[in-house]
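Trainee: Structure in structure tokens, see below.
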Amino acid sequence: QGSGKMQSGLSFSDSDVSFTPLVVLELADDTKTEATTWLLNRIRGKQQNGGAELLAEQVLFPAQDGQKPNPNILVVGSTSQRLLNGAEDVGLFKEFQDGTMRGFTYANRESFKDFEGDGEGFLSVAECQYIVKHELDTLRAKNEDHVPGYPKLKLYPGKSVMRRLQSKGVLIQYFPLHDKEDLKRLSFSWYKQIKPSFQPLDDIRRYFGEGLALYFGFLEYFTFALVPMAVIGIPYYLFDWEDYDKYVLFAVFNLVWSTVFLEVWKRCSATLAYRWGTLCRKKAFEEPRPGFHGALGFNPVTGREEPVYPSSKRQLRIYLVSVPFVLLCLYLSFYVMMIYFDMETWAISIYNDSPTFATGVLLFVPSIIYAVVIEIMNLLYRYAAEFLTHWENHRLESSFQNHLVLKVLVFNFVNCFASLFYIAFVMQDMVLLRQSLATLLITSQILNQVMEAFLPYWLQKRRNKKVNKRMRKLMGDKELPLLEQVQLETDMNTYLGTFDDYLEQFLLFGYVSLFSCVYPLAAVLVVLNNVTEVYSDAFKMCHVFKRPFSEPAANIGVWQLAFETMSIIAVVTNCALIGLSPQVQAYFPESETQLILTVVAIEHVLLAFKFILAFVIPDVPKHIQIQLAKLDFESLEALKKRKILEAAET
């Protein structure tokens with residue numbers, strides 16, 4: 001019996017079993033037959049014998065253009081019963097009859113809202129696929145010391161089989177299949193109707209999981225939060241274009257906005273996470289990353305023999321190689337910035353010698369070239385940072401991500417904003433600052449749209465045409481939509497997570513919060529960018545990338561800290577810009593020291609106000625706090641009752 005509402009009935013050439021495929025596993029095409037058979041048996045095996053107790057079959061594709069297709073593609077599904085037991089294992093939270101969110105248990109299944117009959121359709125397809133992934137990931141080596149057919153591919157008892165196969169290149173990838181019907185419905189309600197409306201966040205969460213839905217929730221919230229800034233910015237820009245002194249009020253508004261914006265987002269995020277059942281979900285035990293390697297040693301946590309890597313070695317790699325490399329890259333960034341200023345001086349001198357329309361246009365050329373160079377440097381550095389973080393050999397994915405985020409954020413911040421800080425506080429040229437900010441912002445947005453939306457769309461269109469043509473040629477008029485789908489999705493690009501999407505929003509937030517008081521149109525440009533971003537990201541997720549596995553998330557993680565750090569830097573920057581304005585300087589005609597001390601004092605007061613505001617606005621709304629406290633109280637009462645019953649029995 002299949003699960004969920006996916007298109008069912010994939011018949012296999014070597015068996016008449018028919019079930020709903022949820023996940024595809026692609027092994028290397030030269031994988032030994034005994035290894036494939038062993039893996040299939042482990043996936044199908046009973047749980048008490050160390051198997052995953054899932055449904056699995058090998059898919060055989062016909063030969064294409066004289067080329068032999070990969071024979072080692074497996075599809076995995078599951079029975080409803082197995083998925084419901086799995087939902088309990090992964091600690092899934094579902095809505096109870098009384099409207100609260102509770103950890104799902106198979107014994108209490110009838111007490112959960114929307115649970116009918118044998119539970120068909122109770123779990124979303126994304127949840128089913130997440131459970132299958134969890135069961136595959138927790139498939140552990142038993143008494144085998146190596147993978148059949150690969151004497152050198154050692155297995156360690158109790159360690160994840162899938163991670164081992166992945167790190168040794170036997171398992172190329174595994175991914176969840178798209179559900180054509182659900183995808184069509186989601187596409188229509190999400191981006192095919194061009195009309196001002198909220199995104200269907202609950203549908204996005206049901207299809208792609210909480211991690212991605214929270215990103216789109218944040219993108220929507222950020223865009224709406226920018227509207228007041230944009231509304232104030234337009235008249236400011238139109239009527240005070242040549243009057244650079246009058247940005248003090250806008251800077252003050254900017255300061256309050258950046259603080260309130262992040263504090264209110266925490267509440268929105270908590271509300272969404274509670275509704276989706278991830279706010280109080282226990283964090284799963286983290287397995288080592290597939291790329292982690294080390295000498296065989298004893299792990300005191302699991303009590304087993306497994307690869308270990310001394311943290312002292314890792315620290316040496318970080319401080320003796322990674323840190324100097326990042327510093328070298330920052331030096332290069334400053335060097336490129338100085339070349340840009342030389343070009344800027346050259347363009348201005350040409351314009352001053354002969355002010356014509358052509359030389360007027362030439363004034364913008366250095367900024368445009370610099371903006372393109374910044375994007376190229378960010379891209380190259382991203383690859384280098386990823387390579388270095390892999391080389392540091394972090395054991396856990398969370399540790400790997402934190403080190404990568406830190407490296408990338410430091411470089412991107414300096415690379416994108418150093419020139420603006422230099423113009424504002426060293427050159428103190430507000431006209432050039434406004435021009436540079438506008439050029440950097442517009443150029444980076446155009447490049448991002450081309451790289452993120454048009455290029456992947458065009459490449460995917462070409463690939464789809466090729467696969468469809470090949471399949472039609474091979475199969476004639478036979479209906480084989482699912483076989484074609486598996487083939488098509490195997491070749492699709494893999495979605496690498498929300499890292500780059502959050503990074504883009506982080507930099508846009510920087511442009512708005514740091515310097516938008518001198519260029520009030522910045523917020524308007526970011527709003528326009530984010531509206532197109534919603535449509536291009538939605539299209540990308542639905543048609544360009546493989547479907548990603550659902551990632552349970554209660555918040556936006558390390559990015560919340562990144563945005564808060566940026567808003568603290570924004571306080572300092574805006575106070576300094578206020579201090580530089582002729583309006584304020586007129587109050588301190590004699591003493592520059594007094595002006596500096598006053599600006600520093602105001603900045604400290606504003607930072608104190610920021611922290612007080614963060615303390616006063618609770619991160620979790622009151623009604624959710626009450627619901628969580630209720631659940632804690634009920635579980636304590638249940639524990640007491642159980643202890644009394646056990647005592648009475650003895």
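Just so you know, glycine gets a Cβ as well, placed from its N, Cα and C.
What TrEMBL records for this protein is below:
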type	residues	note
DOMAIN	204-630	domain 'Anoctamin transmembrane'
TRANSMEM	212-235	transmembrane segment
TRANSMEM	247-265	transmembrane segment
TRANSMEM	318-341	transmembrane segment
TRANSMEM	361-383	transmembrane segment
TRANSMEM	404-425	transmembrane segment
TRANSMEM	437-459	transmembrane segment
TRANSMEM	506-528	transmembrane segment
TRANSMEM	595-617	transmembrane segment
Trainee: I need to check the long-range neighbours of the transmembrane segment (361-383): which residues 6 or more away from its ends have a CB within less than 8 Å of a CB in the stretch?
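Mentor: Same-chain contacts beyond the ends: 329, 332-333, 336-337, 340, 343-344, 346-348, 350-351, 408, 411-412, 415-416, 419, 435-436, 439-440, 443-444, 447-448.
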Trainee: Take the C-beta pairs under 8 A between the transmembrane segment (506-528) and each of 212-235, 404-425, 595-617. Which stretch has the highest count?
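Mentor: Between the stretches 212-235, 404-425, 595-617, 212-235 has the largest tally.
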Trainee: Could you check if the transmembrane segment (437-459) is in contact with the transmembrane segment (595-617), meaning 3+ Cβ pairs under 8 Å among residue pairs at least 6 apart in sequence?
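Mentor: Taking Cβ pairs at least 6 residues apart, the transmembrane segment (595-617) and the transmembrane segment (437-459) are not in contact, as fewer than 3 fall under 8 Å.
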Trainee: Quick one: find which recorded stretch in 212-235, 318-341, 595-617 has the most Cβ pairs under 8 Å with the transmembrane segment (247-265).
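Mentor: The stretch with the most close Cβ contacts to the transmembrane segment (247-265) is 212-235.
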